[in-house]
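*Asks:* Have a look at this one.
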């Protein structure tokens, strides 16, 4: 017969209590997300190192609210705007949910998520703005004024892609969306990623705000070329520059997000207006989101004025124009 002494029982009880205390303190690695009065309770820090229902990762809607979206794009539904009633907060959040598990707005903690929102939406605003110097509310308040190119000069059909992304008869691949995409090969690639027939129906992007935001986030998250980083990986610090990148003055900075998206249209040409306009939107959005532009870094990290372009244009650009 096995005899258990009272001292052993006390030790076992203490061990059990200690284990429960560890679980309560968050040292159990399988704690589920709890909610108290509708708010998430996380005992392991802001986020876990993987995406799981057992982790405490916040989503974009946890820190980016509808009132902030309205502040950033306050003039988008004024009568003179060209996409009145098209863009809205819920369409953005629905689109973003597809990419949150891939790190969009959920990489590196809450502050990094907020900064990425300001950066991404700063790009969006600068590319869809109808603001000008004396516009009501200032030139930075007019983002999401457009959802399409108003007077396209061509159909943007590149026949060199006819075997992989052939142009559909009658289709026109002019700029559409929140980060406007151009050319048949871009519509084809985006359509494959988003499971939408954009090659045959590029007009879907100007008809559906969620799809338009998804196409923009896809462009932000996806390298234009396999050997290159995405704008997302540059901004959040996932990308490690090579020696050639360093010599070309490219680094994990906001400036390099402009470079990888727009190349020589914006970068490597000194302090030009297209570049400064994007920077101004980013800083303005940081201020409106309550972060402050001092967190944006020095000017040489914001600028791409002296960077060599990632993709010099010898053929139609595969990036947004």
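The backbone N, Cα and C atoms fix where each Cβ goes, and this holds for glycine too.
Keep in mind that this is a model prediction, so the values were computed, not measured.
Per Swiss-Prot, compositional bias 'Polar residues' is recorded for 310-321. Positions annotated as disulfide bond by Swiss-Prot, on the basis of similarity to another entry: 42-55, 157-167, 267-304. Among the features that Swiss-Prot reports, N-linked glycosylation site is placed at 57, 208, 244, with the record citing sequence analysis. According to Swiss-Prot, the feature region 'Disordered' maps to 297-321. Per Swiss-Prot, signal peptide is recorded for 1-26.
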*Asks:* Please name which of the recorded positions listed here, 157, 167, 208, is nearest in space to residue 267 (disulfide bond), Cα against Cα.
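*Replies:* Going through 157, 167, 208 one by one, the Cα closest to that of residue 267 (disulfide bond) is 157.
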*Asks:* Using a 10 Å radius around each Cβ and counting other Cβ atoms from all shown chains, which of the glycosylation sites 208, 244 yields the largest count?
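*Replies:* The largest 10 Å Cβ neighbour count belongs to 208.
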*Asks:* Would you please pick out, from the disulfide-bonded residues 167, 304, the one with the fewest other Cβ atoms within 10 Å of its Cβ?
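*Replies:* Among the disulfide-bonded residues 167, 304, the lowest count of other Cβ atoms within 10 Å belongs to 167.
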*Asks:* What's the number of neighbouring CB atoms sitting within 10 A of the CB on residue 267 (disulfide bond)?
*Replies:* 27
*Asks:* Spatially speaking, which of the recorded positions 208, 244, 304 is closest to residue 167 (disulfide bond)? Use C-alpha to C-alpha, please.
*Replies:* 208
*Asks:* Tell me, by DSSP, whether residue 304 (disulfide bond) is helix, strand or coil?
*Replies:* coil
